[in-house]
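Here's what TrEMBL has on this protein:
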BINDING   Gly14, Thr15, Ser16, Leu17, Asp18, Gly19, Val20, Asp21  ATP binding site
Amino acid sequence: MENDPALYIGLMSGTSLDGVDAALVALAPDAPPRLLATHADPMPETLRGQLLALCHADSVSFAELAAAEHAFCHLQARAVTALLGHYGIAADAVTAVGSHGQTVEHAPDGHGGGPPYTLQLDNPSLLAELTGCRVVADFRRRDLAAGGQAAPLAPAFHRALFHDSGEERMVLNLGGFANITWLPQDGGAPLGFDTGPANVLLDAWCQRHGHGRFDEDGAWAASGSVDPTLLERLLAEPFFHQPPPRSTGRELFHPGWLESHLSGGESPADVQATLAELTAASVAQGIGQLLGSRPLTLIIGGGGAHNADLCRRLAAHLPRATLRSADDWGWPADWIEAGAFAWLAYRRLNRLPGNLPSVTGAAGERVLGGVYAP
Ligand SMILES: Nc1ncnc2c1ncn2[C@@H]1O[C@H](COP(=O)(O)OP(=O)(O)OP(=O)(O)O)[C@@H](O)[C@H]1O
Ligand SMILES: CC(=O)N[C@H]1[C@@H]2OC[C@@H](O2)[C@@H](O)[C@@H]1O[C@H](C)C(=O)O
């Protein structure tokens, strides 16, 4: 039937490099997106090492790039196949897979005076071969070509999921990086941007000091004390004071950036506490930039939504905000971004714009992505 929802799969592997998320989503013109099933495949350590090396490479060989892309594509294909197999769905029942790819470098304002670029490692042709599904990919570069930042792209999906005319809502993604989306109550164009690092530095510092891959519930950060001098030095980074549109990544906020601000005498737990505070303070600053101190509902998604210490810090910075998890809307906090790329694939195939110029700064709305036949 024409009005039956179509099935799409969104594939996302974010800046935390923790794995590939695959979300099966039902999409129809007049109904909100519905999350039907999910599957996550953890990032194998070897591939994680290959990708991290690319993220921090000054120079890289084509063979290294190809090897990482090949392994990454096979991981994505396994995630799609597992999702379909687990729920007994045939590949041809899926209208398309929306593949974000793996961001290895993001320089929307150019690098050293060069042209703007954003690089997502991806091989949609191979993915189509391996899965038998139509693939939509390369979502970011059309926005970039139209003068935009190419990120964040999820705000348009945030609007589709969470807009409400009864209250001011802000959506916060706490992934490797944090980004916010304000959904004005009056239906005006959403505003939003990347506020800075979220888990990327917390994870790196935690791993470096043998506290596991990430700081479970923020317990280690909670055991330390914020170092006000260090916090002030970190917050002086010009990115935090740039007007929107703005987006960022590992090129700026990497372990070396943190090291360059340390005096050497700090206790590791205090540094972790200070990094958590940096995330909360920069998010609060970003929200203040958009909404002042008006009351709002803050809908939190991304892995950081599980970090109790980080959420406490946010609440302390935002006394007029009601903090809620995206789970309360029936869309689990961990599955918003994968859902966004299913939705963006749907937008592409229906020739609908996927970007929000009010967020990315692009010259106009654009249909995003390229299509790879099954
Ligand atoms: N229970 C928990 N306690 C603390 N932190 C957690 C917990 N669960 C997940 N996280 C954090 O969430 C991170 C993963 O978040 P997520 O998957 O949203 O990131 P991502 O999608 O890679 O990032 P981005 O949105 O920047 O692309 C982990 O690396 C970890 O730091
Ligand atoms: C270039 C890139 O991959 N950026 C990511 C990253 O992770 C969070 C934040 O920085 C956001 O700008 C974006 O991802 C989401 C999916 C977005 O485009 O909305």
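Cβ coordinates come from backbone N, Cα and C, glycine included.
Fair warning: this is a prediction, and the values are worked out from it, not measured in the lab.
Distribution of TrEMBL features across the structure.
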residue : record           : CB count, 10 Å
Gly14   : ATP binding site : 22
Thr15   : ATP binding site : 22
Ser16   : ATP binding site : 21
Leu17   : ATP binding site : 19
Asp18   : ATP binding site : 19
Gly19   : ATP binding site : 18
Val20   : ATP binding site : 25
Asp21   : ATP binding site : 24
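Take the mean position of the Cβ atoms of Gly14, Thr15, Ser16, Leu17, Asp18, Gly19, Val20, Asp21, the recorded ATP site; other residues of that chain with a Cβ within 8 Å of it are Met12, Ser13, Met43, Gly175, Gly176. Under 6 Å, Cβ to nearest atom of ligand 1: this is the test, and of the binding-site residues Gly19, Val20, Asp21 it is passed by none. Under 6 Å, Cβ to nearest atom of ligand 2: this is the test, and of the binding-site residues Thr15, Ser16, Val20 it is passed by Thr15.
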